[in-house]
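Asker: Next up is a structure, given as structure tokens.
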Amino acid sequence: MAAPMLRGCCLGRCWALACIDSSSRHGRGAATGFTSSGKRGQSFVAQQPLLTAQKSRKGEHKWAAVVGLEIHAQIASNSKLFSGSQVHFAAPPNSLVSFFDASLPGTLPVLNRRCVEAAVMTGLALNCHINKKSLFDRKHYFYADLPAGYQITQQRLPIAVNGSLAYSVCVGKKWRQVITKTVRIKQIQLEQDSGKSLHDELRSQTLIDLNRAGVGLLEVVLEPDMSCGEEAATAVRELQLILQALGTSQANMAEGQLRVDANISVHHPGEPLGVRTEVKNLNSARFLARAIDYEIQRQINELENGCEILNETRSFDYKLGFMPEPNLPPLLLYDTASLPAGADPQQVINIDRIQEQLPELPSETREKLIQQYGILPEHSFALLNEVGLLEFFQNVIKETRAEPKKVTSWVLNIFLGFLKQRNLAVNESPVTPSVLAELLNLLDRKVISSAAAKQVFEELWRSKGKTPSQIVSERKLELMQDEEALERVCHAVMEGHPQVVMDTKRGNPRAINKLIGLVRKVTHNRADPTVIKEILEKQLSS
Amino acid sequence: MLKGYVPPYNATVVQRLLDQGAVLMGKTNLDEFAMGSGSTDGVFGPVKNPWSYSKQYREKRKQKSHGENEDSNWLITGGSSGGSAAAVSAFTCFAALGSDTGGSTRNPAAHCGIVGFKPSYGLVSRHGLIPLVNSMDVPGILTRCVDDAATVLGVLAGHDPKDSTTIQDPGKPFMLSSLTDVSKLCIGIPKEYLVPELSSEVRSFWSKAANLFESEGAKVIEVSLPHTSYSIVCYHVLCTSEVASNMARFDGLEYGHRCDIDVSTEAMYAATRREGFNDVVRGRILAGNFFLLKENYANYFIKAQKVRRLIANDFVNVFNSGVDVLLTPTTLSEAVPYLEFIKEDNRTRSAQDDIFTQAVNMAGLPAVSVPVALSNQGLPVGLQFIGRAFCDQQLLTVAKWFEKQVQFPVIHLQELMDDCSSVFEIEKLASVSLKQ
């Protein structure tokens, strides 16, 4: 029996009973996108029987959850972090592997400048302090997809620390109220990605693809300032948008460019924090919130039943510590004040210059939209939430005289609705911004009615090549411009339906709509309902 | 572990030599993964010191023992780069490359009567050098005379973008000047290096060398490197830790030996590594893993790093006080017979034999072993000069002067003598290469 999902959680204390069906409970790592605790790459689900709704509601008011995140973002660079092999998604297996990536003896790491710049940009965008000196370490563990037996990372002294990420949660009725929350960023570090291993159970073998081994990653560690799956998912979404705006990572979760591990614990408010468990390798935005909430609920259930929370990752945590990476000297960054005189610009990185050249961040973009076009905050979020949608919107605005509010409404409701229904991306839309702009112009000039416009839009979507004006004239959708003729029609309809007229005069609010409907029918929907109403009211009162 | 492995690329040092027209004659034997001080623990068997067959040694032995099988008591070369030392010593090539992490180039050079040069850390690229201890390894140069070593260094030294620990300067070939006046030189003799285990012969040569400098006008003073006694232990902690880390990549997956077991990845790793590594290597990996354990890391690894800093500072302080070059023994004694050497295990031997050489690696300094004279048994003894960081040229200049003074004899190998007797009549010095 499944329990209902609750949304719109209370601030500061968030609990949700996740809706679980049997397939997701026994999910394999790759398919559903999450593994809980346990070994890397293997799926491990808490062996917890699904509780009935009644049982899980016991004592629910007394719990608070605490969620921290470790986010791995693949850096958008041409070559890997320490070697010159290329970075490409979905290339043939083991076709992008240099001698260093394959850990051939005698090969040495050489740091990729672009990756360092990406780390600095991201650190600055997240209000971090950039460490002018940072160090590289080796983290040892044995796994088939880690050829060297260790990963080069930055444990002791990472490149950026102590930042913050602001995100907004929509609450209240119809999620109209926007609240800004902040999560602290503990650190950002550069590290190597591992290869991929595919377990072929049928033939009892493991296939290793090293294309991804050595690709540069930014690990962003978010402190446990979040309290539920929704907050975590929103924070991740905002980070995604920031990374995409900076160009430092494409941050596409489906392609594995953004991976999230969550640390979750529950406690009673006022008491110390509980034992943490890790939910690893979340690579689907949709599943992230649900998986976290499920784990929160699982812990609550365990504790309420008198059990203890076990941190299973500890057992896998390979016991070797970190060792400094001896082949890489400390990474030194400069600002304008500390830049050595006569330094070769190819060999040094100036933090100040990078700060100056930072592109506009999503929060700034949203603010500008609100200021410039007077749209609502939640609409500014929606516009940035879809790839290419903002650009589409801005292109439409450029070519139309219609009000921004109108454009927003059309883009977010009708246009986006059509896209979603057909599972298309913005760049796959058959309707271009110019075409939509033309349509809106017709609407703005009152050449057609709102209803007619929607019809035209549907037609535009189906058949390419036709302009809105063409469709309008083909289907004779122009609004009647002749007001006198309309007055005659109204008069005729009133004459033909005296009972309805009586009702209207008696004050029945719905009666007038009936009259309007009748007039529209006669005019084949070519009259503007607002004008019809005006004429009828004038005629009724006379 | 690397049986049958053919590397798909050239090390930078090899490539630079090839680019200058060098002819690569072959690869030489060594202790497995350069772990050892005898060149006795390689997969292809132990290396024999050419001096075992020299007239100088044989004649001395005839006087002592009778009716002994000529070949049964051959001598070790020292190690770990013993094969390279033997090759140069036996006139098979102009020069050979070795590695030096704790003395692996200088030690066999001393035992084989040739020049063994360890450059400053960061001067010569390690790209292509299978790492033992990344923070201490350097490629070593083995030649028959100091000028030849300088020639090779001139080709090899300088920035390599593929090795992030090399210096920025590009480096260029140079000629060693011939020092005539050593009166401005200050030679330091570290008192802690006078250990009881030092053979009286080597001690005597060391003393004579110091006197030689003094009599030619140089200032010779006793100096102190106070942390010397800690260096062996410190070296072993850091060395085994880095080894454990560097050897983690040998899992049989991507290259090299892979065992037949395919039950699971873990089982495959375990069997491959057991089969592919000898006891010495496995021992060091286990030790290193111990030191790298989270609960041990601070007490062992970090402490050893701190001690390393102290040791390096000892040298800095001495050089800052006006000393140009340090003079020490290279080895405790001359080469010993193989049968005697193997009575102790590898680790014990390494601890003993590295005593004069490994502190230099921890400090990253340049050092060179120069053959000084033959022992009573007719075997070569070498002495070591240690220089300031990146003053390799100056160091070699001093070494060249010393080499000219001592006139170390050419090895008399019967086969060579038969072929090139005329050469040896004219030349007393060891090099049969370019002569100014």
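Just so you know, glycine gets a Cβ as well, placed from its N, Cα and C.
Just lifted these from TrEMBL, have a look:
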type	residues	note
DOMAIN	B:1-54	domain 'Amidase'
REGION	B:55-76	region 'Disordered'
DOMAIN	B:75-396	domain 'Amidase'
ACT_SITE	B:Ser80	active site, charge relay system
ACT_SITE	B:Ser104	active site, acyl-ester intermediate
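Context for these features, please: burial, neighbours, distances.
Answerer: Looking at the domain 'Amidase' (B:1-54) alone, the prediction's average pLDDT is 93.
All protein chains included, B:Ser80 (active site, charge relay system) registers 34 other Cβ atoms within 10 Å of its own Cβ.
Taken residue by residue with DSSP, B:Ser104 (active site, acyl-ester intermediate) is part of neither helix nor strand, so it is coil. For B:Ser104 (active site, acyl-ester intermediate), the number of other Cβ atoms no farther than 10 Å from its own Cβ, over all displayed protein chains, is 36.
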Asker: Can you tell me how the residues of the domain 'Amidase' (B:1-54) break down into helix, strand and coil by DSSP?
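Answerer: Taking the domain 'Amidase' (B:1-54) as a whole: 15 helix, 2 strand, 37 coil.
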Asker: How long is the line from the C-alpha of B:Ser80 (active site, charge relay system) to the C-alpha of B:Ser104 (active site, acyl-ester intermediate), rounded to the nearest angstrom?
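Answerer: On Cα coordinates alone, these residues lie 5 Å apart.
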Asker: What does DSSP call B:Ser80 (active site, charge relay system) in the simple three-state scheme?
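Answerer: DSSP call for B:Ser80 (active site, charge relay system): coil, neither helix nor strand.
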